[in-house]
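Below is one structure, written out as structure tokens; comments come after it.
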Amino acid sequence: MGQEFSWEEAEAAGEIDVAELQEWYKKFVMECPSGTLFMHEFKRFFKVTDDEEASQYVEGMFRAFDKNGDNTIDFLEYVAALNLVLRGTLEHKLKWTFKIYDKDGNGCIDRLELLNIVEGIYQLKKACRRELQTEQGQLLTPEEVVDRIFLLVDENGDGQLSLNEFVEGARRDKWVMKMLQMDMNPSSWLAQQRRKSAMF
């Protein structure tokens, strides 16, 4: 599911100072004494239990962070991911989001891939209905969100979103940006987790 982010993207997001890195390491080791974060722990952080769509979405994020594909997140992968999420530019975050959405890794997002992601996000964001509404306050179904995104972003009408269409569509339209990035509100999520857990 999805592709991995590159170390170059994480590095381009900004440098981490040594003191901050040491603090992250202490917290990581306290929470993950084995030195690795497993899928079930990752899901627990997102409070994902039995919901299939939300579970698939979180698994996609996990795989995007799991650079070497060993089904765990080690400290270096953790740091690279946090650096990208917390400090990355809008373009880096959109590229990373695109890679999560592109489940089959073919470089394009089709309607079914986007629908699966939007359904998962709806499950994760049940309490945040505001984020799922249009400018007029209308709550759209996942299918309506996908239709509207394709209408606004699929420039060549081929039924697939390329990376360029994805990034440019988000830059052009505020609503599209909100919909394409509604999973990428990691700063507030991480702030909540910092209060609840020593992990972050």
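All residue numbers here begin at 1 and follow the chain in the order shown.
Note that Cβ sites are derived from N, Cα and C of the backbone, with glycine treated the same way.
As recorded in Swiss-Prot:
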type	residues	note
BINDING	D66, N68, D70, T72, E77	Ca(2+) 1 binding site
BINDING	D102, D104, N106, C108, E113	Ca(2+) 2 binding site
BINDING	D154, N156, D158, Q160, E165	Ca(2+) 3 binding site
DOMAIN	14-31	domain 'EF-hand 1'
DOMAIN	53-88	domain 'EF-hand 2'
DOMAIN	89-124	domain 'EF-hand 3'
DOMAIN	141-176	domain 'EF-hand 4'
LIPID	G2	N-myristoyl glycine
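Features recorded in Swiss-Prot, as mapped to the structure shown.
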residue: D66; record: Ca(2+) 1 binding site; DSSP class: coil
residue: D102; record: Ca(2+) 2 binding site; DSSP class: coil
residue: D154; record: Ca(2+) 3 binding site; DSSP class: coil
residue: Q160; record: Ca(2+) 3 binding site; DSSP class: strand
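Within 8 Å of the Cβ centroid of the Ca(2+) 2 site, not counting the listed residues D102, D104, N106, C108, E113, the chain contributes Y101, K103, G105, G107, I109, D110, Q160. For D154 (Ca(2+) 3 binding site), the spatially nearest entry among the binding-site residues D70, D102, D104 is D102, judged by CA separation. In this structure the alpha carbons, written CA, of D158 (Ca(2+) 3 binding site) and C108 (Ca(2+) 2 binding site) are 10 Å apart. A mean pLDDT of 77 is what the model gives for the domain 'EF-hand 1' (14-31). Of all the binding-site residues in the record (D66, N68, Q160, E165), the one with the smallest CA separation from N106 (Ca(2+) 2 binding site) is Q160.
Applying DSSP to the domain 'EF-hand 3' (89-124) sorts its residues as follows: 26 helix, 3 strand, 7 coil. Neighbours of C108 (Ca(2+) 2 binding site) among the binding-site residues D66, D70, E77, defined as a Cα within 10 Å of its Cα, are absent: none qualifies.
The residues near the Ca(2+) 1 site, meaning same-chain residues not in D66, N68, D70, T72, E77 whose C-beta sits within 8 angstroms of the mean position of the site's C-beta atoms, are T36, F65, K67, G69, N71, I73, D74, in sequence order. Secondary structure by DSSP for the domain 'EF-hand 1' (14-31): 14 helix, 0 strand, 4 coil. Cβ crowding, taken as the number of other Cβ atoms within 10 Å, peaks at D102 among the binding-site residues D66, D70, D102, D158. Note: the CA-CA distance between Q160 (Ca(2+) 3 binding site) and E113 (Ca(2+) 2 binding site) rounds to 10 Å.
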